[in-house]
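Record features, source TrEMBL:
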- Gly238, Pro239, Pro240, Gly241, Thr242, Gly243, Lys244, Thr245: ATP binding site (BINDING)
- His460, His464, Asp537: Zn(2+) binding site (BINDING)
- 1-15: compositional bias 'Polar residues' (COMPBIAS)
- 16-26: compositional bias 'Basic and acidic residues' (COMPBIAS)
- 230-369: domain 'AAA+ ATPase' (DOMAIN)
Amino acid sequence: MPSKGKNSWSPNQQNKPDKNQGDPNKKPGMPEGFKFRFSLGYVLIALIAVSFFNYFLFRSDNTVVPYSTFKDKIRTGEIKRVEIDINYYTGYTDARSSEPASPLPATAKPGVVYKTVPVTDPEFTALMDQKGVVYSASPREGSAILSLLLNWVLPFAIMFFLWRTVMSRFMGSNSNVLAFGQNRATVVAEGDIKTRFTDVAGVDEAKAELVEVVDFLKNPQKYTEIGGKIPKGVLLVGPPGTGKTLLARAVAGEANVPFFKMSGAEFVEMFVGVGAARVRDLFKQAREKAPCIIFIDEIDALGKSRMSGMIGGNDEREQTLNQLLVEMDGFDSTSGLILVAATNRPDVLDPALLRPGRFDRQVLVDRPDMIGREEILKIHTKTIKMDPSVDLSKIARSTPGFVGADLANVVNEAALLAVRAGRKKVKEEDFQNAIEKVVAGLEKKNRMINPKEKQIVAVHETGHAITAAFTPGADPVRKISIVPRGFGALGYTLQMPLEDRYLVTKEELLGQIDVLLGGRAAEELVFHSISTGAANDIARSTDIARRMITDYGMSEKFRNVALTKRGGSIPGMPQIADPYATKEYSEDTQRYIDEEIASIVDERYKHVQNLLIQKKDMLDRISALLLEKEVIEETEFAALTAELTSPSAAAASSKA
Ligand code: ADP
Ligand code: MG
Ligand code: ZN
């Protein structure tokens, strides 16, 4: 805590709550780990509660008189009945309630009551006998039990409550410490699931695979008769938001079987053994409910390769994973139990999970293609009032790379924008604006940028756009904007591919680097200085260059050699940057890679600089226009580049 600069502590400083001295991001009053002050507060409250309780219970309604006075009252015959109790002698001035057939309940207040604290006095009973006082030594049972409760049970209860509160705070979760080994309330089977395959679109291959699973759950005998083996586990693999969770629910819905859902992270607990017990319990419950589906979402949290990751590993996770493997081996595929799991990190999964007899069927849930996107849009626009002129296929065409969750988001945003514009129906332009919004984050028109910065941003973005326009194979520029959006992006150049792409050539990769470098090159050319605005571009272009060398085997020295190894990756699955990817090369090679990256980037930068020098006039004109209009659309940009291209260059770039 560097802010704690003062070493002298004045007394009143000590008493102040320390919320201003700690981490400024922390919520005031939140305990930092185990904080003594925190539990002390609870103890105090408990103490006050106990004494309050005590006070009310043992408060005498009557004044306690001295013992001598009490004895006098017996002597004078005023007290006719005495109840002897552990703590008090209680004298009553009438004897009514002592009779067995008394109409009054014992609790009723009969006559005047005197109380006294007894002293050791052997003559007391003799005196009472002499005076004919009715006396009984039956203590009120209730009070005996109460005092037992207060003296023994309550303190323990309070201690337990405190311990539990502190523990749960300490663990940073609200898990019930006592209930470890048992299931949480969340793992109840969901029955009667409404999701159907028709609610999922654009993932036809995955659906086709899962139809068989549904059929098996519906009529298992069909498969067992013929001796066929049904997979025990189906692993849904794909980028986030492609509908994996949705598909798993649809399987349960179609088959009309109970659905146990749990996420991988929920199995990994504070205490070693808890997750394993939870797995055991989950399978036990599921076996009782079979046929049914167990769905483990984000299984990578649990099934990370036991080798990779942190040093020393994680005992709890390993035990849980082992238990899962044991359970998977333990059940028979004829039992009607099917395990479905989902992950977007198949590369980090423990290979043991993917072995035959476990998750032996892997289903790729990929990003939807254009037709798939249109289908998904149809599903999500069902409940939306749309203008008949809206063309969903056009929207699908302009959203390459969007996953189902993005498209659902677009539809929702479009509806909101229509409402904001006071329309009763959603129009085409609402969709276009929604797409932009989803692509680039929320428009922040009211953010102030100073004019100089704005000028730099305009030149930078125009640099990207012109480089893209004159790079063969680069995606066409759809829009250039210097309206700040989202977090930190001051402007953007929107490029959209004409079609879905699955392969990228080396030339196209270099072209991507060119376009990324175009922003900075333009800045340098116009202002003779460079800014931090290109940080993201630099990071991305460096990454492309690195992967060309290490992953795609595109360098001179290591032609067709992969230099990193990725564990357990599934063919057909898009490569995801993997922090744990192991390096399979020497220090020398590392140096070579670094030098090669630098040389690729440098060469491309020189190329882009040359291109922009040739197009300097165009750069100036378009950036000035962009500064004025803030946004330049695709058609306008194409017209400008065509118009401004000098006759000699026109032949070279006929596409513009
Ligand atoms: P994942 O589990 O793959 O990350 P989800 O299944 O949670 O993705 O998807 C989130 C939401 O996005 C779904 O509830 C649904 O509304 C929408 N969605 C995603 N993919 C699809 C799809 N293929 N078809 C229809 N809707 C989809
Ligand atoms: Mg999910
Ligand atoms: Zn840029």
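Cβ atoms here come from the backbone N, Cα and C positions, even for glycine.
Projection of TrEMBL feature records onto the structure.
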| residue | record | contacts (Cβ under 8 Å, 6+ apart) |
| --- | --- | --- |
| Pro240 | ATP binding site | Asn344, Val403, Ala405 |
| Gly241 | ATP binding site | Val403, Gly404, Ala405, Asp406 |
| Thr242 | ATP binding site | Val203, Val365, Asp366, Arg367, Pro368, Val403, Gly404, Ala405 |
| Lys244 | ATP binding site | Leu236, Gly238, Asp297, Ala342, Asn344, Val365 |
| Thr245 | ATP binding site | Phe295, Asp297, Ala342 |
| His460 | Zn(2+) binding site | Gly491, Gly519, Arg520, Ala522, Glu523, Ser531, Gly533, Ala534 |
| His464 | Zn(2+) binding site | Ile480, Thr493, Val515, Leu516, Gly518, Gly519, Ala522, Asp537 |
For Gly238 (ATP binding site), the number of neighbouring Cβ atoms whose distance to its own Cβ is within 10 Å equals 23
Just checking: which of the binding-site residues Pro239, Thr245, His460, His464, Asp537 have a C-beta under 6 Å from ligand 1? Thr245
Could you give me three numbers for the domain 'AAA+ ATPase' (230-369), the DSSP helix, strand and coil residue counts? 62 helix, 29 strand, 49 coil
Binding-site residues: Pro239, Gly243 - member with fewest neighbouring CB atoms within 10 Å: Pro239
Reduced DSSP assignment, His460 (Zn(2+) binding site): helix
For the ATP site given as Gly238, Pro239, Pro240, Gly241, Thr242, Gly243, Lys244, Thr245, which other residues of the same chain have their Cβ within 8 Å of the site's Cβ centre? Leu236, Ala342, Asn344, Val365, Val403, Gly404, Ala405
When you measure from each Cβ to the nearest atom of ligand 2, which of the binding-site residues Gly238, Lys244, Thr245 fall under 6 angstroms? Lys244, Thr245
Using the Cβ center of His460, His464, Asp537 as the Zn(2+) site position, which other residues in that chain lie within 8 Å, going by their Cβ? Glu461, Gly463, Thr493, Leu516, Leu517, Gly518, Gly519, Arg520, Ala522, Gly533, Ala534
Filter the candidate list Gly238, Pro239, Thr242, Gly243, Lys244, Asp537 of binding-site residues, keeping only entries whose CB is under 6 Å from an atom of ligand 3. Asp537
In all the protein chains shown, the tally of other Cβ atoms within 10 Å of the Cβ of Asp537 (Zn(2+) binding site) is 19
